[in-house]
Ligand SMILES: [Zn+2]
């Protein structure tokens, strides 16, 4: 079985996007299972609670680790595994931000500075209307809306 880190590499060969993997490694131990993205703190929080007695477990109850992260993401409309690696070759500035293509009018970004991993991951949410600036390194991220892809229709 692949370790979490290995499977992350497999999903995204480039180093930067998977700065996101660090959320599993750096946080302190909890036994609480995350029910939403905001509650995802570490690996433990991604272990599904399992089925309640006498019921068939749902995907969400059974999913653990990456799978759970992905499911939680989907519930909130976040695609973790459809993202290009962030450009960590430079810091974004207000005049020249790091531009992120997005199908939505916002993106979640895990900034770890430039070069990648130079600071603890900071989650940012730039929107079409507003750039996001990393609290740690000051890098600026901007969303570039690229329209809605096929099969991603509105409900
Ligand atoms: Zn940063």
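Glycine is treated like the rest: Cβ placed from N, Cα and C.
Just so you know, TrEMBL annotations are computer predictions that nobody has curated.
Source: prediction; values computed, not measured.
Per TrEMBL, the feature Zn(2+) binding site maps to 111, 119, 134, 137. In the shown protein chains, 16 other C-beta atoms lie within 10 A of the C-beta of residue 137 (Zn(2+) binding site).
Taking the centre of the Cβ atoms of 111, 119, 134, 137 as the Zn(2+) site, the nearby residues of that chain (Cβ within 8 Å, site residues left out) are 112, 113, 114, 118, 122, 135, 136, 138, 139.
Look at the binding-site residues 111, 134 and count other Cβ atoms within 10 Å of each Cβ; 134 has the fewest. Residue 111 (Zn(2+) binding site) carries a strand DSSP state (E or B).
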